[in-house]
Amino acid sequence: MLTQSLFLTVLTLALSLVSKTSASQCSPRYGTCGGIYYDGPTCCVVGSSCIYSNPWYSQCIPVDYTGPCAKLYQQCGGINYNGPTCCEPGSECIYNGPYYSQCIPVDIDPSSSSSSAASSTTSTTSSSSLVSSTTLTSSSPSAVSSTTSIPSISSTISSSVSTSSFTSLSSSGFSTVLSSTNTTSALPSSGWNVTGY
């Protein structure tokens, strides 16, 4: 009887060591459990499940997790991200790189946006990426250079300049400040031609 009792004790001890070793090799709650180039454990500790977010990232989420999903345009995944990986209704978690996924509305199609969104985008684009160099030339040897956000300008200015800069050329609601390189000269009476590229 002593032998059978000793055998059961050793067997129980061995099984508990094996299960502890297996559990310690699994990812903890909210830990990474999968993804391209991920070389860590792909199992999760008891009480959580490995949830796929995108090809680069899967995370151990508690089975009893009842927390809120990420709101529209919030982060919903990525390497070292420890937050909700689900998105509120009407949006989905879109992969934007290995470190960032974001909740994007399901019905957004970049090619068909509303007119107000289009004009907002156009306005932003005009101020940040449609920058061109404009040169004013005249028959006199001095020239004036400026940078403008107006895509193209063709106009004539025929007034005197006595300060170092002036505002002119209002086209489609945009105005630009042109800086003079020679402030002692006046504009010729025939005018300066302003062209933009």
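Here the Cβ of each residue, glycine as well, is placed from N, Cα and C on the backbone.
Per Swiss-Prot, the features are:
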type: SIGNAL; residues: 1-23; note: signal peptide
type: DOMAIN; residues: 25-61; note: domain 'CBM1 1'
type: DISULFID; residues: C33-C50; note: disulfide bond
type: DISULFID; residues: C44-C60; note: disulfide bond
type: DOMAIN; residues: 68-104; note: domain 'CBM1 2'
type: DISULFID; residues: C76-C93; note: disulfide bond
type: DISULFID; residues: C87-C103; note: disulfide bond
type: REGION; residues: 115-163; note: region 'Disordered'
type: CARBOHYD; residues: N182; note: N-linked glycosylation site
type: CARBOHYD; residues: N193; note: N-linked glycosylation site
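Residues belonging to the domain 'CBM1 1' (25-61) score a mean pLDDT of 89 in the model.
Of the listed disulfide-bonded residues, namely C33, C50, C60, the sparsest CB environment within 10 A is found at C50.
Residue pair C60 (disulfide bond) / C50 (disulfide bond) shows a Cα separation of 4 Å. Residues 76-79, 81-82, 85, 93, 95, 98, 101 of the same chain, all 6+ positions outside the domain 'CBM1 1' (25-61), place their C-beta atoms under 8 angstroms from a C-beta of that stretch. Set side by side, the disulfide-bonded residues C76, C87 differ in how many other CB atoms lie within 10 angstroms of their CB, and the most is found at C76.
For C33 (disulfide bond), the nearest of the disulfide-bonded residues by C-alpha distance turns out to be C76; the candidates were C76, C87, C103. In sequence order, S53, N54, A70, C76, G77, T85, C86, C87, S101, Q102, C103 constitute the residues six or more apart from C93 (disulfide bond) in its chain with CB-CB distances below 8 Å. With DSSP classes pooled into helix, strand and coil, the tally for the domain 'CBM1 2' (68-104) is 0 helix, 14 strand, 23 coil.
In the domain 'CBM1 1' (25-61), helix, strand and coil residues by DSSP number 0 helix, 17 strand, 20 coil. Reported as a whole number, the C-alpha separation between C50 (disulfide bond) and C44 (disulfide bond) equals 6 Å. Neighbour list (C44 (disulfide bond), Cβ cut-off 8 Å, at least 6 residues apart, same chain): C26, S27, P28, R29, G31, C33, C50, C60.
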